[in-house]
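Following: one structure in C-alpha cells, then a few remarks.
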Amino acid sequence: MNSPIQLHKKFSTTVWHVLSWILYAVGAGPTAIISMGVYVPLIVMKNAHDHGFLRTDHTIPCSLYPEEPCSLNIVGPLWIDVSSIVFAASAISTFLQMAMMVSLGVICDYGNNRRYILFSCVIIGSISGIILSWSPSSFLLGKIVFLILVDLNFIISQSCYDSFLPIFLRFYPITRGPITLESALQDETDDLDSYITNTTIDSSEEEPYLLEHSLILNESAPPADVEDEHKAKIAARLSSVGFGSFFGAAILFQIIFTPILYKTNNNPIILPITVTVCSCWWLILSTPLCTIVTLPVENHSSDAILTLLYNSVKESYHSFKHAMSISSIRLFLFSRLFINCGIQTSLSSAVIFGKARLNLSNFQLTLLGMGISSFALLGTVIIPYLTEYFQLNSLQVVMIISILLPMAPLYGLLGYIPGFENAGIRTSADVFRATLFFGFFLGGAHSYCRSVYAQLVPSGKETRFFALYALISQTGVLFSHISLTLISNYTSDLRAVYIFVIVVMTLPLSSLWIMYQHSKTPNLHRSSS
C-alpha cells in the first residue's frame with residue numbers, strides 16, 4: 001500500500017483537474033434547475049391530469065375542466081391529488097437517497113469506485129430523463145418511476161462530485177505566487193508534513209477545544225493567523241466559482257429556451273426537447289471528470305461489497321452518536337434540518353402550486369425558474385460583500401437569513417387576514433415577487449450553513465461528519481415532500497402551506513440563538529454542562 005508521501009509524488013493536481021470539476025457543474029446546472037426543477041414535474045403532472053378525475057366526485061374527467069382540482073386513483077379507494085404525485089415521488093426518491101448515502105459514501109473511497117459510481121449515476125439519470133420525456137402518456141406509472149430515477153441518480157452523483165474537490169486540494173503542489181485559480185488551490189492545500197503527522201484530539205476534549213478556539217462559538221478566541229484567514233477566503237471563492245458555474249449555465253439555457261417557448265405559444269413539445277438537451281448536456285460535460293481525470297488510490301480493501309456496506313452503516317451510526325454528543329453540532333444540525341426543509345418546501349410549492357392553483361403557464365413557470373436562478377446567483381455575489389461590510393461572521397449571517405426567509409410565506413398568509421384582502425399571493429406577479437425575494441437568500445443560506453458547519457467539525461473527521469451533514473439535509477427534504485404530499489392531498493387551501501413553512505423556518509431560530517449566546521459568553525456552556 002502506498003504511503004501518503006508516495007501518493008503525493010505520483011499524483012499532482014493540475015488546472016485540468018479543477019476545470020473538469022467546474023465543467024461538471026456547468027453540465028449539471030441546467031438539469032437541476034430547468035429539467036428537474038420545472039419541466040420534468042410539469043410533464044408528469046400533465047400526464048397525471050390527463051388520467052385524473054375531478055376531486056369533488058371522482059367521476060368527471062379532469063380534461064373537461066382543466067382548471068379544477070384533480071385527483072388520480074392509485075389503487076382501490078386510494079386517491080391522490082395530482083399535485084401530490086410529484087411530492088410523493090420525490091419523497092420516495094429522497095428516502096432512497098438517504099439509504100444509499102449511508103453506504104455509498106464509504107464505498108466511493110475505495111479504489112476507483114468514485115468515478116465509476118459517478119458516471120453510472122450520470123448515465124442512468126440522463127437516460128431516465130430522456131425516456132420520461134418521450135414515453136407515451138399512457139405510460140404514467142413508468143414516468144413516475146423514471147422521475148424517481150432521475151432525482152435519485154442526480155443527488156447521488158452530486159454527492160460523489162463534491163468529494164473530488166478535497167482530493168484535488170490535498171494533492172496540489174505547494175508553490176508561492178499570485179492568486180490565480182491554481183494558487184487558490186495551492187493555498188488551500190495543507191502542508192504535507194502536517195498532513196502526515198497530524199493527530200486528532202480525543203473525543204472527550206473536542207467540545208471544550210471547539211468552544212475555546214472557534215471564532216463561531218467564541219468571539220474572544222485566539223485570532224487565526226493571516227495565512228489561515230487567507231486560505232478560508234480562497235476556499236469560499238472556489239466554492240462560489242462552482243456555485244456560480246452551476247447557476248450561470250442554468251441561466252444561459254433559460255435565456256435560450258424561454259423565447260422559444262414564448263414564440264411557440266407554450267407548445268408542449270418544447271418541454272421534452274428541453275429535458276433531452278439538458279440530459280445530453282449533463283452527460284457530455286461530466287465525461288472529462290468521470291473518464292479522463294484519474295485520482296490516487298488511497299484506500300484498498302479485500303472485503304466483499306456486503307461487508308463494506310455493513311461496515312459503512314456501522315460507521316455512520318457511530319458518527320451520528322459522536323456528532324450528537326457535541327452540543328454545538330447537535331444544535332446546528334437541528335437548525336440545518338428545518339432550514340433545508342423550509343427552503344425545499346417553498347421552492348417546490350412555488351412551481352407545483354403555481355401551476356395547479358394559480359394556473360401559471362409553462363412560459364411563466366420558466367420565467368419563474370430563471371428568476372430564482374438569477375436572484376440566487378445575485379445573492380451569492382452580494383451577500384459576501386454585505387457580510388464583510390458589516391463585519392459579520394457566518395453564524396450571524398445564517399441567523400439573519402433565517403429571520404428574513406419566513407417573510408415570504410408570511411406575506412402570502414397576510415392576504416387571508418380581514419382588512420388585508422388585497423395583499424398576499426393571489427396573482428402571478430405576487431408569486432414572482434415572493435419567490436424572487438426568497439431566491440436572493442437561497443445561495444447565501446446554503447453556502448453560509450456549510451461554512452458554519454465546517455468550523456464546527458472536529459479535526460480529522462471531516463468526511464464522515466459532512467456525510468452526516470448531507471444526510472440531515474436530505475432528511476429535511478424528505479420531511480418537506482411528505483408534508484406537502486399530505487397537505488396538498490387533503491386541502492386545496494394554500495394557508496396550510498404558508499403556516500407550515502412559517503413554523504418550520506422559525507424553529508431553527510432558538511438553536512441558532514443559543515449558539516450565538518455561546519459566542520458572546522462561551523463559559524455559559526461549561527457552567528451548564
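Cβ coordinates are placed from backbone N, Cα and C, and glycine is handled just like the others.
If you check Swiss-Prot, you get these features:
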CARBOHYD  Asn198  N-linked glycosylation site
CARBOHYD  Asn218  N-linked glycosylation site
CARBOHYD  Asn299  N-linked glycosylation site
CARBOHYD  Asn359  N-linked glycosylation site
CARBOHYD  Asn489  N-linked glycosylation site
TRANSMEM  25-45  transmembrane segment
TRANSMEM  72-92  transmembrane segment
TRANSMEM  130-150  transmembrane segment
TRANSMEM  241-261  transmembrane segment
TRANSMEM  269-289  transmembrane segment
TRANSMEM  365-385  transmembrane segment
TRANSMEM  397-417  transmembrane segment
TRANSMEM  429-449  transmembrane segment
TRANSMEM  467-487  transmembrane segment
TRANSMEM  496-516  transmembrane segment
Contact yes or no, the transmembrane segment (241-261) and the transmembrane segment (365-385), 3+ Cβ pairs under 8 Å, gap 6+: yes
Among Asn359, Asn489, the most crowded of the glycosylation sites [Cβ within 10 Å]: Asn489
For the transmembrane segment (467-487), distant same-chain residues with Cβ under 8 A (at least six beyond the ends): 80, 84, 87-88, 90-91, 94-95, 97-98, 101-102, 105, 155, 159, 316, 319-320, 323, 333, 336-342, 344-345, 348-349, 352, 450, 453, 496-497, 500, 504
Cβ-Cβ under 8 Å with the transmembrane segment (429-449): same-chain residues at least 6 beyond its ends: 236, 239-240, 243, 247, 336, 339, 343, 346-347, 350, 354, 358, 360, 367-368, 371-380, 383, 394, 397-398, 401-402, 404-405, 407-409, 411-412
Asn359 (N-linked glycosylation site) and Asn489 (N-linked glycosylation site), distance between Cα atoms, whole Å: 18
Surrounding residues of the transmembrane segment (269-289) on its own chain - C-beta under 8 Å, 6+ positions past either end: 20-21, 23-24, 26-28, 30-31, 34-35, 39-40, 42-43, 115, 118-119, 122-123, 125-127, 129-130, 132-134, 157, 161, 164, 253, 257, 260-261, 362
Close approaches to the transmembrane segment (130-150) from elsewhere in its chain (Cβ under 8 angstroms; 6 or more beyond its ends): 35-36, 40-41, 43-44, 47-48, 50-51, 85-86, 89-90, 92-93, 96, 124, 271-273, 275-276, 279-280
Local backbone state of Asn359 (N-linked glycosylation site), from DSSP in three classes: coil
